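Novice: Annotations per TrEMBL:
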- Gly22, Gly23, Pro24, Gly25, Ser26, Gly27, Lys28, Thr29: ATP binding site (BINDING)
- 1-238: domain 'UvrD-like helicase ATP-binding' (DOMAIN)
Amino acid sequence: MFELSDEKQKVLDTTGNLLVMGGPGSGKTTIALLKAKQIIESGALQQEQHVLFLSFARSTISRVEQHANIVLSKSISNNLEINTYHSFTWTILKSHGYLLCSKQLRLLPPHEASARLAEYDKAVDKEREINRLFEEEGLVHFDLFASMCAKLLSKSNSLSTIISETYPTIILDEFQDTNADEWAFITQLGKKSNLIVLADAEQRIYDFRGADPARIGQFIDTFHPTIFDFGNENNRSNGTDIVQFGNDLLTGKNKHQKYKNVQCVYYPIRKGIAQFILLKIAVIKACERLKCENKQGWSIAILLPSNSLMLAVSDCLERTQKLKNGTILPRIHHEVAIETAGPSIAAVLIARLIEHGSTKQCNLNQLLIDLCEHIRGRRGDKPPSKNDLALSASLVEYAISGKIRGQKRQAIIDECNEIVNRCNNLEFTGDVASDWINVRELLSDASSDCIKQVKLDATYLRLLHKGSILNSSLGEIWRRYDNYIGAAEAVKNALTQEHFATSTKTWTGVNVMTIHKAKGKEFDEVIIYEGSFPGQRFVYDEGKIDQARLNLRVAVTRAKSNTIIFTPQVNSCSLL
């Protein structure tokens, strides 16, 4: 039940630019939606005008849409536009980007960008290449969206006026996470539109992408908003001490304190999958607990510090284990918020094999090019290793000269040749799922690590729930041509569209993800687990311990009722 406190009522009673501060679950989003409702119902909007709600993540958009369906009636909900920064700015660039670049603009999706930029270690070199791709090829990297839109609005008064007249009020969620380019864009928006900013300085966990602790102060100095602070009001986990733990964590006050709804578990270090047994038992108990409470649409999140640990935990949940005492730990159905780069590039590689194989035109050079894309780009924002770059360069050189050095590299060429020949001999039926699996299985016999990685990443596609999208795209091609010509491009387009999709996703059941992926979400119970090795810890750098506190606070406060934190018995987390 949402309680309209005096401070929240003042938000509804105040006009102009607003800054709404508050901790996790304090009601910032709900009051913003109530404010939007008030503006719409007051008749202040003219025909075709909207209140715009902008946030960073699609997951946040899903949660806001769910709240909006409760707060706003259907008759006025069409006057509220809920969108991500990326989707909103891309819409502007598609329509008006010709003012900045003579080339026809095309999106450079993240999975392709990671491969194109793999060889640039230094940020300044990467930025220079991103700008070159835009100016010379018309390719628009996601990192350019905000800066280019800011430039457009600053140069075109008519465009700025059109946007402000369409969106006279703009709500900005998670404002503390804006980087310099996004702030420049917001500054342009605020020249002619009223801004309602929602922020919590203690939830700033995106410093690595340019979030600045001075940002809130900059907004105050620039727009002179009326400021509201909901403090520690708590609507998400009301009646628990979860937020109290999160706040104590920032000062270290949590140490040696006992909390009713936050439990720390110190687990013994084990090898392999055995290290996750206590975690899995905790998940099973949490599931049983929520089922006994007859909660409809209950949810559990398992939050990890790294992607590798996330996949290892998922593997444990996916399997059945028999303990020494005879206890059986069953497979636990779960969702995984996996990083998309590797699976996306693998999907394009397989789609290309399907496309060329269906017309008996598979060729070695194209497979090598696609394999190099995967080697260079599968890690997403993380650069490939020097060995991977060297391997990629040698395969490209072979495609040009026909020469290769080293037995292992020759083995890759031989295995790729075998895959090409077998693909050209496959019988394709038009049953997309069957054809896809048959081609994917051609990679199974390979012994080369880079090919095995493609197969593994392709398997992870099921975790991205892309099956229906790919099936419909490729199925339409087969019905039209009786082959799969155009499959690779269709898969690229389908995966790209997913970056702008804002369809509502409800996080029910058991969900496994990194802490950063959990931002903006909420669950009935949260289980946080750190490993015992470097790269798996909450505190990965003692010089960044304050950032680690913020990260862990965000993770803990995703829960509505209970949080469990797992840390090793030996060298336990210094924050606990």
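The backbone N, Cα and C atoms fix where each Cβ goes, glycine too.
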Novice: Once the chains shown are all counted, how many other Cβ atoms turn up within 10 Å of the Cβ of Gly27 (ATP binding site)?
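Specialist: Within a 10 Å radius of the Cβ of Gly27 (ATP binding site) lie 23 other Cβ atoms.
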Novice: How many other Cβ atoms are found within 10 Å of the Cβ atom of Thr29 (ATP binding site), counting all protein chains shown?
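Specialist: I count 25 other Cβ atoms within 10 Å of it.
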Novice: Tally every other Cβ atom lying within 10 Å of the Cβ atom of Lys28 (ATP binding site).
Specialist: 28
Novice: Pop the mean pLDDT for the domain 'UvrD-like helicase ATP-binding' (1-238) in here, whole number is fine.
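Specialist: Averaging the confidence scores along the domain 'UvrD-like helicase ATP-binding' (1-238) gives 86.
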